[in-house]
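Structure, as structure tokens:
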Amino acid sequence: MPYSAEIIVVGCGNILFADDGFGPEVIKALGDYSKENPLPDNVMLIDAGTGGPHFVFSLPHEEWKKMIVVDVVQFNAEPGTVRKFSVDEIPEGSYENVHSWPVNQPLHDLANVCEVMVIGCKPEHISAPDVEMGLTKSVEDAIPEAIKLILKEIGVS
Amino acid sequence: MSEKIVISPTSRQEGHAELVMEVDDEGIVTKGRYFSITPVRGLEKMVTGKAPESAPVMVQRICGVCPIPHTLASVEAMDDSLGIEIPKAARQLRELTLAAHHVNSHAIHQFLIAPDVVPENLFTTAVESVSEIRKTAQSVVETVAGEGIHPSDVRIGGMADNISEVARKRLYARCKQLKPKLDAHVELIIGLVADKGFPEGLGVTNAPTLATDILYGDRENFDLDRFTEIMPESWYDDPEVAKRACSTIPLYDGRNVEVGPRARASVYGGFTERGVVAQHVARALEMKTALSKCIDILGELDTSAPTMADFDVTGTNKLGVGAIEGPRGMDVHMAQVADGKTQFYSCLVPTTWNIPTMGPATEGFHHEFGPHVIRAYDPCLSCATHMIVVDDEDRSILKNEMVRI
């Protein structure tokens, strides 16, 4: 079955829209990190891009114990600030994506099945609908901090 | 006395679109216009001037729904431009990836239409079976193409790796196991659509069907010379609609056409039904065809065979065509490579073809059926929008008025 692991780390966002690519970039960096420092077998990294609601959140797996979503989050802080958000802090419907996917608040629904959290970074610049590849410096610099928080959640640091 | 009914955005479909229907005193649609209001994607500009390998990786990020068909259409266009003949096993693995994606994507659509056709007492059953089917299909994509969402092993020249013999056997067993479940699900959906009692003739249009293959796609069956593309101003007789429409109108032999599962079944499968019910039936039946294809390929795949061709990326400036039959219809990418860089790139994505056909398909019936007609085509506009220039003469750009979500 797809995504069979106890801890799922899902990077969400579009790499074509500047800081919106934070989630996938963190997954990539974490993948590189894990080559030297292998992650436990019960962890799976997924670069979900913009397909999170379609390809991951709507296919809950009985093995899932913890879902760590990595994404940009608009909150009151300096760009590049990273912190953990509980699912209750994420407004309901924020993952009801623009394409009218009918799974209302899929993350809230998932929270009934497993522990759900968001490692969020305040973006500096999101270019959509214009294409701009690459993160701004403040958000790029936030990647190590995000990895630190994720490793803590995975239980390896 | 005619009245205008506007649905904006239309719901339970992918991407933003508007349906404008003129109706008579009885509420019957006399004129239907459907158009995209999703912002411009600008994909073609993005990949131009870059190495050919950039295109498939970038186009798969256009949309979170169809990363797989876009990746395949892109590598096929590049293969064609670079004159690459991919090994048999690579072709089988690509076909397997797309067939599994068809199963997954059609199941998602059934989820979207469930509130329309599934009665409350069967809702849980239908949604659970959709979920189970999707999990198996997604496993196939994940194993065969490297990643379930962005198929990283689909490469220009073939596939990065063959699958292991163990994986082949495992997937084969899993797909075989899914078959009775999927057959029952297809029967359930077809039965529920019939029970819904849509009026006879709903959604029937006189647009010709266009498809290149029964399931995978074949560039030999897409004739570029028969294709033209016009601006919305030349298509929509309502200037307000024409101004707001965010995509060009593709025509084949000068006419708007229908693409998708029903079109494929009609061109290659002898399927003669037309309209809303026929769309749902053809889509459901295609899930069976696609799963059978998965089982066949997994049964005969030689896992020790090579999957990458030797090739040179310099290119000869040939216009390459990649035609992939995506779940919602024919996805054509065109690429031209010279001096090791992409010189030209263009995409004719599935729903773009159906946009001019869906509006007229609502005509002749009560406007309340409008959304049902649209959903029957399973439109996905996330990547359809690629018009920027509003005036070819002065190259002015629709920027200030561009619709933003």
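Here, residue 1 is simply the first one shown, and the rest follow in order.
Even glycines carry a Cβ here, placed using N, Cα and C.
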Considering the Ni(2+) binding residues B:Cys63, B:Cys66 given in TrEMBL, which of B:Cys347, B:Cys380 is annotated for that site as well?
B:Cys380
Neighbour count first, Cβ atoms within 10 Å, every protein chain included; then name which of B:Cys63, B:Cys66, B:Cys380 tops the list of binding-site residues.
B:Cys66
Distance check, please: Cα of B:Cys66 (Ni(2+) binding site) against Cα of B:Glu44 (Mg(2+) binding site), rounded to an integer number of angstrom.
17
B:Cys380 (Ni(2+) binding site) and B:Glu44 (Mg(2+) binding site), compared by Cα position, are separated in whole Å by 19
